[in-house]
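**Student:** This is the structure I want to talk about, given as structure tokens.
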Amino acid sequence: MFFFLPTKTRTRKWNIFHFRVRVFLVQVYFVFTTNYFPWLTIIVIFPISAGSLIFFLPNRGNKVTKWYTLCICVLELLLTAYAFCYHFQLDDPLIQLAEDYKWINFFDFYWRLGIDGLSIGPILLTGFITTLATLAAWPVTRDSRLFHFLMLAMYSGQIGSFSSRDLLLFFIMWELELIPVYLLLAMWGGKKRLYSATKFILYTAGSSVFLLIGVLGIGLYGSNEPTLNFETLANQSYPVALEIIFYIGFFIAFAVKSPIIPLHTWLPDTHGEAHYSTCMLLAGILLKMGAYGLVRINMELLPHAHSIFSPWLMIIGTIQIIYAASTSPGQRNLKKRIAYSSVSHMGFIIIGIGSITDTGLNGSILQIISHGFIGALLFFLAGTSYDRIRLVYLDEMGGMAIPIPKIFTMFSILSMASLALPGMSGFFAELIVFFGIITSQKYLLMPKILMICVMALGMILTPIYSLSMLRQMFYGYKLFNAQNYSFFDSGPRELFVSISIFLPVIGIGIYPDFVLSLSVDKIEAILSNYFSR
């Protein structure tokens with residue numbers, strides 16, 4: 001009918017249509033270039049919602065599922081990077097990209113999201129490691145659709161935990177990633193997978209009870225209506241005895257996830273049986289959620305109790321470094337040895353949090369990011385080695401350096417990074433934590449000297465288990481002369497994953513301010529509010 005209209009009428013309608021299109025495009029442009037667009041909601045919901053469509057893909061043909069999952073992860077990472085590059089101000093310690101929507105009227109429950117300098121690093125780390133873990137899971141063929149959906153569900157839960165600005169929402173996101181990890185362990189693990197999965201869920205679900213009690217206790221204190229907003233709770237005061245009770249409840253929940261001794265025993269069993277792509281997510285992201293919770297909730301919301309317990313955190317962190325570094329050489333299982341090294345390195349994060357200095361806290365944040373890369377890559381290399389020799393015990397290995405030189409080279413470099421070699425990210429992270437202890441005004445000189453000496457002893461033990469692991473795996477002639485083994489070195493996919501994770505380790509080791517600039521203003525704001533209260 002449009003073409004049968006008079007010429008002037010057609011021209012006028014065509015101009016009106018063009019004008020409306022231009023107005024719409026301008027509106028779309030302003031939505032995408034301002035902070036009013038719900039960036040965080042999309043970033044949190046997109047992986048699990050897009051992942052649910054996996055079950056509509058053909059059951060046969062795992063490549064379609066793998067490429068679909070990888071595309072979702074890459075798109076999510078690009079979306080996150082775009083939102084943070086164009087809408088996040090590094091010099092602003094306040095909450096940015098804030099979203100606040102009424103979710104459930106009956107419970108007065110809000111969907112509150114927001115990021116600051118404390119959460120932006122872990123969120124970017126989550127996106128990066130999850131994308132590469134998806135690529136690392138390429139050999140998985142059994143129930144491929146369910147496997148990749150669970151990885152995407154974990155992705156949403158972890159991003160949601162780091163970006164939540166509501167305590168109850170934080171708890172929901174915290175729980176969202178437990179069931180996927182349990183199923184990934186129980187269905188795609190090793191021979192003792194059911195034992196490890198059961199132990200994992202008992203520890204983590206049991207600790208979640210303490211987290212829920214703490215959330216409800218803080219939210220309902222002093223008011224008939226629940227107060228769960230982080231910004232409101234950060235200025236709330238409690239009786240010291242009640243604050244200590246809340247602190248202990250939250251600490252138990254986060255100590256299991258970090259893990260902190262003696263609540264760490266689930267970790268070696270879990271890592272020992274999980275598929276190495278799952279281990280990458282556990283070591284790179286899941287453990288860091290516990291350390292993030294200690295800063296975000298225990299320190300930021302409960303400063304008086306944190307001041308009381310901070311010396312104990314320093315002591316526990318120091319003992320953890322020594323204990324795990326001493327226990328690691330006795331582990332025959334390769335992945336269990338790496339798991340104990342993770343427990344040891346988490347001790348530096350605990351010490352930095354307990355130092356109550358901007359230097360120590362920034363060192364902890366840097367160690368969270370640094371060990372996220374190093375731990376994930378070590379487990380990936382351990383998994384690729386297992387794919388070739390089908391052995392998990394170190395005393396059965398040996399002589400693999402010549403047949404697989406690329407894996408040997410990467411394993412050697414990452415072992416150096418794990419023992420904090422200068423030029424690697426771990427060196428600056430641990431060095432800054434040391435400076436945090438030295439500059440702390442809360443502790444006397446002699447306790448600080450004693451603590452530094454004990455930590456130095458732990459750093460001496462680290463090369464022992466790292467280098468002995470290399471010697472048992474790659475040197476000698478045990479498998480080199482064996483007739484039943486045929487080796488092939490890293491392929492393009494494995495090299496891409498290894499180099500992609502290794503480059504940030506070198507980059508942060510050369511220029512640590514790349515990570516420190518994200519958190520320094522927020523850490524100063526936390527400490528300023530901490531001492532003012």
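The backbone N, Cα and C atoms fix where each Cβ goes, and this holds for glycine too.
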**Student:** Tell me which of 15-33, 338-356 corresponds to the transmembrane segment entry in TrEMBL.
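**Tutor:** It is 338-356 that TrEMBL describes as transmembrane segment.
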**Student:** The transmembrane segment (449-470) and the transmembrane segment (309-326): do they have three or more Cβ pairs under 8 Å, with pairs 6 or more apart in sequence?
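**Tutor:** Between the transmembrane segment (449-470) and the transmembrane segment (309-326), which are separate recorded stretches, there is contact, as judged by 3 or more close Cβ pairs.
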**Student:** Taking the transmembrane segment (36-56) as the first stretch and the transmembrane segment (279-297) as the second, find out whether 3 or more Cβ pairs fall under 8 Å, excluding pairs closer than 6 in sequence.
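**Tutor:** Since fewer than 3 Cβ pairs under 8 Å link them, the transmembrane segment (36-56) and the transmembrane segment (279-297) do not come into contact.
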**Student:** Same chain only, please: residues at least 6 beyond the ends of the transmembrane segment (338-356) with a C-beta under 8 Å from a C-beta of the stretch. Say none if there are none.
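**Tutor:** That would be 258-261, 264, 267-268, 270-272, 283, 287, 291, 294-295, 299, 306-307, 309-314, 316-321, 323-325, 327-328, 331, 362-364, 367-368, 371, 375, 378-379, 382, 418, 426, 429-430, 432-433, 436-437, 440, 442, 451, 455, 458, 462, 465-466, 469, 527, 530.
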**Student:** Using Cβ atoms and a strict cutoff of less than 8 Å, what residues sit near the transmembrane segment (495-512) while being 6 or more residues removed from its termini?
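**Tutor:** Same-chain contacts beyond the flanks: 128-129, 132, 135-136, 366, 369-370, 373-374, 376-377, 380-381, 406, 410, 413-414, 417, 422-429, 432.
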**Student:** In the same chain, which residue numbers or ranges, 6 or more beyond the ends of the transmembrane segment (407-437), come under 8 angstroms Cβ to Cβ?
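**Tutor:** Answer is 314, 341, 345, 348-349, 351-352, 355, 357, 359-364, 366-367, 369-371, 373-374, 377-378, 381, 384-385, 400-401, 443, 448, 451-452, 455, 459, 462-463, 466-467, 469-470, 473-474, 489-490, 494, 498, 502, 504-510, 512.
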